[in-house]
Ligand SMILES: [Zn+2]
């Protein structure tokens, strides 16, 4: 079976988030058969919800579609290293594989900070692939924050 990256779809969600004035992070969830079952960008400002990160919105939508609080065999693509909150949710959802783009030394929780999924309290550790399309993902964030200054 050939590997198809869905990071382009996640980047499209990140660009759409930037256009809405949200921090440009995008995520998609892919079902075991390869179908994209959820896609989302950050909506914290629009929803006035500090938990409305792209990953959480995508996981919620995928779980609603699946009618289950777990997503075994599913993949999550996200343009930025997930924060500790989202990393915990990825573990709770039993996501099989996590693909992320840019590293986030300041707020990430997978390879930085609490390294939630590697913590002994984590009940589930997905396969983790970092640095996927990291360049464009980081550029989106850089441009977004540069425009704010
Ligand atoms: Zn997050």
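Backbone N, Cα and C define each Cβ position, glycine as well.
Feature annotations, courtesy of TrEMBL:
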- 55: active site, proton donor (ACT_SITE)
- 53, 83, 86: Zn(2+) binding site (BINDING)
- 1-111: domain 'CMP/dCMP-type deaminase' (DOMAIN)
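Comparing Cβ neighbour counts within 10 Å across the recorded positions 53, 55, 83, 86, the minimum falls on 83.
Cα spacing between residue 86 (Zn(2+) binding site) and the residue listed as 'active site, proton donor': 6 Å, rounded to the nearest whole number. Taking the C-alpha positions, the distance from the residue listed as 'active site, proton donor' to residue 83 (Zn(2+) binding site) comes to 9 Å. Report note: the Zn(2+) site is defined by 53, 83, 86, and the residues of the same chain whose CB lies within 8 Å of the CB centroid of those residues, excluding them, are 54, 55, 56, 82, 84, 85, 87, 89, 109.
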